[in-house]
């Protein structure tokens, strides 16, 4: 892709995100979401492969539908209350439509079907943007309207997302699809606590984005797209394989790694809110996700493939690990001791 074109698209992404997260008026938030959608489409379809074009088409249709619902929800609210302010979403029908629209934008169950397909058709770096940066504006809209949302509906969507994200990721062999189902599962954890402790949702999102960025950049550096390639990648980059192992275990939420922190705080807060059954259910369902993270981690660090693969062993290179991967991995592994400081901040 032309560097100037890429610069325009990345700038547009930043612009769209900034407009949405800093707006008070629903129309401005909608404009930001539209700019974001239009800017990411060329980045998805830049390889001109039929699968990439299909992914871009699916993404466009789903996001256009969700944006229409966002506009419809805000217009309904304005019709009944005379308010265009984002924080004044008081009409029940409007809040239900908005929850559906944002769930569609994020890929929460039952509106998740597009996300694994789109991620599978995108390059790894575009997949990273779709999994992190593109989720930020919708999450900020949920954060701003959290007082008006229906707790039962959000809890149901959250539990279903954690269940489906873990369950459907079990039999995948494509790394991008596994990361898509991982994202759906993490979104469930964010959604369940949104109404009770909105700042904890944002903290969870920041930590999730950091860990996911570390995984995607490592996979991109190793040029890995499926599990069979991952099995032979240790010969090429043993340091990166070790980094990937630790980051995946952190993403799974195992102590004493960073990924344990948001899960621990969310379970604690749910228990305080007399929602111990929901906390138990999502904790048990996250074991499904742990299985496929362990599978990925096993494939990343295995030194002898259990069966003959069609991939040739690759020469080991002395290429140094990228500083961005090193920094993100360090943060993804070692932030748990800072939890007292983070809890006082939020």
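FYI, residue positions are counted from 1 along the chain as it appears here.
Cβ from N, Cα, C; glycine included.
Feature annotations, reproduced from TrEMBL:
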type     : residues : note
DOMAIN   : 23-288   : domain 'NADH:quinone oxidoreductase/Mrp antiporter transmembrane'
TRANSMEM : 59-80    : transmembrane segment
TRANSMEM : 92-115   : transmembrane segment
TRANSMEM : 152-171  : transmembrane segment
TRANSMEM : 178-197  : transmembrane segment
TRANSMEM : 203-225  : transmembrane segment
TRANSMEM : 237-258  : transmembrane segment
TRANSMEM : 278-304  : transmembrane segment
DOMAIN   : 290-342  : domain 'NADH dehydrogenase subunit 2 C-terminal'
TRANSMEM : 325-345  : transmembrane segment
Quiz prompt | Of 59-80, 278-304, 325-345, whichever stretch has the most CB pairs under 8 A to the transmembrane segment (152-171) | solution = 278-304
Practice problem: Can you tell me which of 59-80, 92-115, 178-197, 278-304 gets the most C-beta pairs within less than 8 Å of the transmembrane segment (203-225)? | Solution: 178-197
Quiz prompt | Range from 92-115, 178-197, 278-304 with the greatest count of C-beta pairs under 8 A to the transmembrane segment (59-80) | solution = 92-115
Quiz item: Same chain, outside the transmembrane segment (178-197) by at least 6, Cβ under 8 Å from its Cβ: which residues?
Solution: 106-109, 112, 115-116, 119-120, 127, 131, 135, 139, 142-143, 146-147, 149, 151, 154-155, 157-166, 168-169, 172, 204-205, 208, 212, 215-216, 251, 262-263, 266, 269-270, 273, 275, 278, 282, 286, 289, 292-293, 296
Quiz item: Near the transmembrane segment (278-304), which same-chain residues lie under 8 Å Cβ to Cβ, leaving out any that are not at least 6 residues past its ends?
Solution: 155, 158-159, 162-163, 165-167, 169-170, 172, 175, 178, 181-182, 185, 188-189, 192, 227, 230-231, 233-234, 241-242, 244-245, 248-249, 251-254, 263, 266-267, 270-271
Quiz item: Which whole-number mean pLDDT does the model give the domain 'NADH dehydrogenase subunit 2 C-terminal' (290-342)?
Solution: 80
Self-check item: Close approaches to the transmembrane segment (92-115) from elsewhere in its chain (Cβ under 8 angstroms; 6 or more beyond its ends)
Solution: 33, 58-59, 62-63, 65-67, 69-70, 72-74, 76-77, 80, 130, 135, 138-139, 141-142, 145, 148-150, 153-154, 157-158, 160-161, 163-165, 180, 183-184, 187-188, 191
